[in-house]
Amino acid sequence: MKIQHFSHDHRLVFIQAHSVASKAALCLGCEKPVKGWSYACKDCNFYLHKGCAELELAHEIQHPFHPKHRLTRFPKSPYGGANVCDLCGKEFQGFSYSCRACRFDLHINCALLQPSIAENFPNSLHPHPLFFIQNHNNEVESDCFGCQKPLSGPFYHCSDCTPRLNLHAECAELPLEINHPYHRKHPLTLLLQPPSHPQKCGCSLCRIQWSGFVYSCSLCNFELLLADFFSRPPLTDASHEHQWMPISRKISRKMSFICDFCGTAGEHSPYFCATCHLLVHKNCISLPLHIKITRHHHTIFLSYFSRQNQVEDQMCRICFLEVDTSYGSYRCSASECKYVAHARCATDKAIWDGTIVQEGYDERSEEVVHEPSNLITDVVEQIHIGELMVASEIKHSYHDHNLRLISSGKTKDDDSQCDGCKRPLSTPFYSCEQCKFFLHKDCAELPKQLPHPFHKHLLTLSNTRDEGGYSECRACKRCFQGFQYHCYEGCWFRIDIQCMLLSDTLKHPSHEHSLFLVHNNQGTSCSACFVKLDSEDVAYRCMKRCDFSLDVGCATLPLTAWFKYDRHPLTLTYSYDSEPSRLHCDLCEKERKPYHWFYYCANCDNSLHLNCAVGDLPYMKLGNKLKSYHRHPVTVVKNIWNCPPCNVCGELCNGQALKCKEFECSFTVHWGCSCGYRQ
C-alpha cells in the first residue's frame, strides 16, 4: 500500500514492522522514534508514523495562541535550520504550523493541543489572557513561573509574554490574599515579581533572593516563597472540596502546629487549604464528614471553626475532657442536641467501625415499619392496668409455650430467676408454669438490635450458648446463662443483659464524682478489687484526677447481699475502718485484704468477700446442667447448710457450686476449681 503525503515528493510505502529498515529512524513529523507500523521512502530515508501520516492536517488554521494571523502548515522549518516552538520552547525540525510574518511557530504536537480561554481570570494576577490546557501529554517541559517547579498536569499559558509564561493550575488559582497559620497576625498578599525598589534598598523583600511568586506581609517583614510552601504534590479527598497543599519540610521542621481538624499538635509536613485557611495532619485529610458511632444515637459530623467564631468550650462525650472548639470536633447533626467529641476520640478504632454516612442521609430510613422491634411474636390477650393496655399473655421467640403476665405478688420460689437476665425474679414478669420459665417484662420486650457504648458494632439479641451450656460476658468477665447481645461482625463480642443496661456514664455511691466509660485502660487498676486492667478492658473512670476506676464487674455488684448466718442484708462497703484482727471473711474464714471492697452487716458485725457474698455464678440459673471435664453433666446448685467438700481443692463448697446428680456419683466442685479439673 502506497500514499502520497504533502511532506514528501515521493510516494510512501506502508511498513508493518520497522525491523525491515536498515537502522533506527525518527518520524519526520513528530521527531520521535519509529516503532510498529509506519510509512517510508526507503530511497530518501524518510519515515512517518502511521498515525502521523494519517493526520488530517488543514493547510491553514486559526489558533488561539496567535489570533492576529492564520498559521500555515509546513513539513519543515520555513526559515531553514531548526525551529523553536513558542509554546514548549523545544527545538524541532518536523511538522509545524507557523506565521512567517511574525516568526511564530508551533510544533505539530503543541498545535494540536486543545486550549481554552480562562474566563474571569483576575487582571491583578496577570494582565494578558491566559489559556488553560488540561492535558499536554508531557510536551511542555518548561518550569512554572509561579513556583519554579517543572510543569505537570493542567496548566495556564500566556502567549503574549516574552519569555513565555506558564503556570501550574494550582499556582495560577492561588488567592491574592490569604490568612496563613504561620502568620496569623495579618493576611499575606501574593506578589508576582520583585518590587521596584531603589538599588540599595534594605527591606526584607530586597534582601532575599527570589523569583516567582511570594506571599508577603509588609507590616511584619514576613515572606513565604512558593518554592518552600509547595514542595510535594497536592492532595485531594472527597471529604473536602478544595485541594490540600503540602507545606515544605524545610519550613515545617522549624515550627510545630496544631491540626485544625483533630486539635492535636504536629511537628512535620502539614497540609494547608488556602481557601479555608486550615492546617492539618496528612492523616486527618481523609477524616469523613459524617459518621455513626454506637456512643450516640444520631449521626455526627466533622465541624471546624475559625478562631474568630469560637463557641463555648464543651466536654467530649467519649474521653470526657474539654473540647477546644477553635479546632475540629464531631458534633451531633440534630439541631437541639449538644453532643460533641474530639475528632481523634470519635474515629478511634475502638469507637468507630469505619462506616461513613453519606451527606444527606435520612436516619428515619432505617426504621422498619411492619416488623416488630422485639421478640414477642404474638399478643394473645391484653388487659387494662390503670389507663394502660398491657399484654397479659404472649408468644415469645425463645419459648415454645405461651407466657402469662404476673403483675403482683410473690414468686413461689425465693431462688427463682429470670431466664433472660438471670437476676432474682420480681414483678412484673411473664411465666410458663409448665416449664418453670420466667421472663421479666422488660426482658421480654428487649429490642432485637441495639447499639451499646461498650462496642463499635450494632449488637443483636441472642439466646445461644457456648458448647458448655453458658457464655462469658466480655464486659464484666462473668459466666452467665440467658439472653445476650452478640456482635455478628466477626468480633465475638457478647454482653449479658445486666451489663447491657449500663451507659457511658455511671453515678456510683462509692465515689463522689460521676464516672465515665473509658476503652483503653492499659496500666490502670480497679479501685474496688485492685485487678490490673489491660487495653481491651472497658472501665469507668473519674476524670477529676481522683485516680478512681471501676471495672464493669465491680460496677455491677449488687448494693446488698444475703448471708445464711445473718438475718439482715449485708451492705456493699467501700471504706476500710476495721482493726487488722477483723480482716477476715465470716464465710470462708480467709483473710480479707485491706482497702478491698466487701459486704458487711453492722448489726451482726459480719464481713464477707465479694465473691463469697454474691457467689461465683450469680447469673447462672440454679438447676441448669452444664458440660464440664467430669464424665457426667454437672448441675448448678446452691449449698446452704450441707456443704460437701470440693473434689479438687478439698475445701467446703459454700454457696454456689457444680454438682453431679447421677446415681452413686458424689462429685462436687467449686466453679473456679472446675476450670483446672481433669478427670
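Even glycines carry a Cβ here, placed using N, Cα and C.
Features as listed in TrEMBL:
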DOMAIN    8-58  domain 'Phorbol-ester/DAG-type'
DOMAIN    26-103  domain 'Zinc finger PHD-type'
DOMAIN    69-116  domain 'Phorbol-ester/DAG-type'
DOMAIN    242-290  domain 'Phorbol-ester/DAG-type'
DOMAIN    258-320  domain 'Zinc finger PHD-type'
DOMAIN    296-351  domain 'Phorbol-ester/DAG-type'
DOMAIN    399-449  domain 'Phorbol-ester/DAG-type'
DOMAIN    417-477  domain 'Zinc finger PHD-type'
DOMAIN    584-647  domain 'Zinc finger PHD-type'
Calculate the per-residue pLDDT averaged over the domain 'Phorbol-ester/DAG-type' (242-290) and state the result as an integer. 77
Helix, strand, coil: count each for the residues of the domain 'Zinc finger PHD-type' (258-320), based on DSSP. 7 helix, 17 strand, 39 coil
DSSP-assigned states of the domain 'Zinc finger PHD-type' (26-103) in counts, ordered helix, strand, coil: 4 helix, 24 strand, 50 coil
By DSSP, how many residues in the domain 'Zinc finger PHD-type' (584-647) are helix, how many strand, and how many coil? 5 helix, 19 strand, 40 coil
